[in-house]
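> Quick one: the structure is below, and I'll ask about it shortly.
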Amino acid sequence: MLLLLTALVAVSLVSLLIGAGSVGPGRAIALLSGAQDSEAHFIVWELRAPRTLIGIVVGMALGVAGALLQAVARNPLAEPGLLGVSAGAAFAVALALVLGASAATLRISVAQLGALMGCVCVLSVARFRGVGNDPIRLVLAGAAFSGLLASLTSLILLYDQRAADEIRFWVIGSLAGRRLDDLLSVLPSMLVASIIVLLIARPLAALALGERVASGLGHHPNLIRWLVVACVALLVGAATAIAGPIAFVGLVVPFVARAFAGPDIRRTLWFCLPIGPLMVLSADIVSRVVVAPSELPLGVLTALCGAPVLIAVVRARRLPML
Amino acid sequence: MKPTPVRSSVLNAASARPNRIPIAPPQGYWRLAWRSRHGDQSVLLERRAVTVNVGLLGAFLLASVLYLSLGSVNVAPMAVLHALFGKADVMANFVVQELRLPRLAAAACTGAAFALAGILMQTLARNRLATPGIIGIDNGATAFAVASIVGIGVSIAPPAMALAGATTAAVLTFGLAAGSGTQGYRFIVAGIGVGAVFGAVTQLLLARVAIDTANAAYPWTVGSLNARPSGALQLLILGLVLGLITALMLARSLTLLRFKDATASGLGINVKRRRLEVLLLSVALTGLAVAVAGPVGMVGLIGPEIARSLSSSRGVPITAAALAGALVMVLADLAGRTLLAPIEIPVGIVTAVVGGPWLLWILMRPQRSFT
């Protein structure tokens, strides 16, 4: 854990130091140690610092949401991006923009509503005729669902040029050019979600032993499930509202966290907190450097490192049941 | 059973030579019999297959006439028929012959190729979800075709690169899923993973280049008939004709490949070799079709589904699937051109919107066998 925290601090520092522009690590270090450099000051504190903070928050939200969703679906492949939760959020935002909302005011609550709808849809499919009993079938249903939503979103964007212009850069998933205000506006819902997560961590651990055991221990499985779904919707909706749909983070982070923490969901959740930002920030740094001076969408990089993990999980001889 | 003229001729032929016992055709079949220098010949035709193929062909021709007549300039259906032979007025001639006919050819050929590739892959994997679009072969072909357009060092023609990409993706998917067999859902999810990687690679390539080049390559990423590279269509037509002939020659083995390996080889098929041939054929068709229209993979799912639901389960409906694919593609592009006119919806989006619910429905209904 200490190691992970150290790594997180180091990555955040690197994120401040490295970028696509002309301010290299040398000048940034000089600035941090007290030199006067107005250009570097602007770039580091006005551009890179908010971006780093947003990366940390988004990473935490997506990682924790992934772990929660996997625990409640009892499925190591359940992931907000793969199951269509992010696609639901993106679709809701596009729809709201076409119906006349303006991007600045509405986005977060709408995205959270869309994420909630996506979540409920997929989980009800999962409970339908035992699709959820087969983890891989659930993923397939999710992939079909998010593919459908993604093409509906692009249909809407084709139809309405104004909306397309407003969210073209948002819909591919990126941390570039987000302001600190965006972050402040999602903080309340993030706080609410964190409190709920703290409250339901214990019942969730009991639920992992099976529905009957959980009821026997005095918990209400259905109530817990709905709370988890609400939490996931809040977290993923907020993260999507700031950074756009980013896939595979919610798959990789709990996967790694479980390797550190073992089967206990409470420990896994704590480990997700540093690992999520680690992944998002590293991917973000790479996305700035790799095609400098332009930038790569963050979602591309997370897909590049997430898809192999997906294949690895699928290839495992016995699929780990949660 | 009603005696048909054909059958009575068989009877006559048999009565001339009393040592031959006439065999009635099995129920639901027509027997075509004729005499040649080598003696009596006969062919069994399944009635239902004939009806389905003729019906699909008729629907396809009808859709083609609609396709040629509707658009930003409407040409009356009769005028379309005249314009095909150059006998209508100049405007109609130009619109039909120069603008819409090549596009119709592209739509029909890509649809047929995708559907044919789809049904071959499904039969090969004994899994109705294993279409090239779902297991990532489309995305592989797209990534390579985009690479050839944005020119990363190599500048080979898009069709060749698309073929290379399709092959790479197929090798990856089948290699990665090697341990788990092709029948389960694991194979499919491994394919989705491979597809996601290639999709990301496409984005990566597009992000590296100037905006104009990226715009030129954009159609490949969603699937559109709007920007067909020159020469790709001719290659596709050639490939489609050869592919159809090969598939029809393989039809008998395909029927048997649906059974277990042990059964199939017991019935006299070299299973491994046939598999490889079918796989190569499917991958080649996918690559050529992607080079023309980009990844419109849903057609590879919808076409075979339609053909299978219409046909009996006796054989693999190869021609019906190709016809259904062409029909779906033509209708989808027609809808894309006219629904939101003057905006044109790329055909890939139309098929995804229609095919997505279909895919969900396949997943959610009670499990049956997968072929």
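Our numbering is plain: 1 for the first residue shown, then up by one each step along the chain.
Any Cβ shown, glycine's included, is placed from N, Cα and C.
From TrEMBL, for reference:
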TRANSMEM  A:52-69  transmembrane segment
TRANSMEM  A:81-102  transmembrane segment
TRANSMEM  A:108-126  transmembrane segment
TRANSMEM  A:138-159  transmembrane segment
TRANSMEM  A:183-205  transmembrane segment
TRANSMEM  A:226-256  transmembrane segment
TRANSMEM  A:268-286  transmembrane segment
TRANSMEM  A:298-316  transmembrane segment
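Tell me about the surroundings of these features in the structure.
Distant neighbours of the transmembrane segment (A:52-69): 8, 12, 15-16, 78-80, 83, 85, 119, 175, 178, 180, 182-183, 186, 190, 193, 197, 204, 228, 231-232, 235-236, 238-239, 242-243, 246, 249-251, 253-254, 257, 265, 268-269, 272-273, 275-281, 284; these residues of the same chain sit at least 6 beyond its ends, with a Cβ under 8 Å from one of its Cβ atoms.
Within its own chain, the transmembrane segment (A:108-126) is flanked in space by residues 69, 72-73, 75, 80, 83-93, 95-96, 101, 132, 138, 141-142, 145-146, 149, 185-186, 189, 225, 229-230, 232-234, 236-238, 240-241, which lie at least six positions past its ends and keep a Cβ under 8 Å from the stretch.
Within its own chain, the transmembrane segment (A:183-205) has Cβ neighbours under 8 Å at 50, 53-54, 57, 61, 64, 68, 71-72, 108, 112, 214, 219-220, 224, 227-228, 230-231, 234-235, 237-239, 241-242, 264-266, 269, counting only residues six or more beyond its boundaries.
Same-chain residues lying 6+ beyond the ends of the transmembrane segment (A:298-316) with a Cβ under 8 Å from its Cβ atoms: 76-77, 82, 136, 172-175, 243-249, 251-252, 255, 279-280, 283-284, 286-287.
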> Could you pull out which residues elsewhere in the chain have a CB under 8 Å from any CB of the transmembrane segment (A:81-102), counting only those six or more residues past its ends?
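Sequence-distant neighbours of the transmembrane segment (A:81-102): 65, 69, 110-119, 121-122, 138-139, 142-143, 145-146, 149-150, 152-153, 156-157, 159-160, 162-163, 166-167, 170-171, 232-233, 236-237, 240-241, 244-251, 310.
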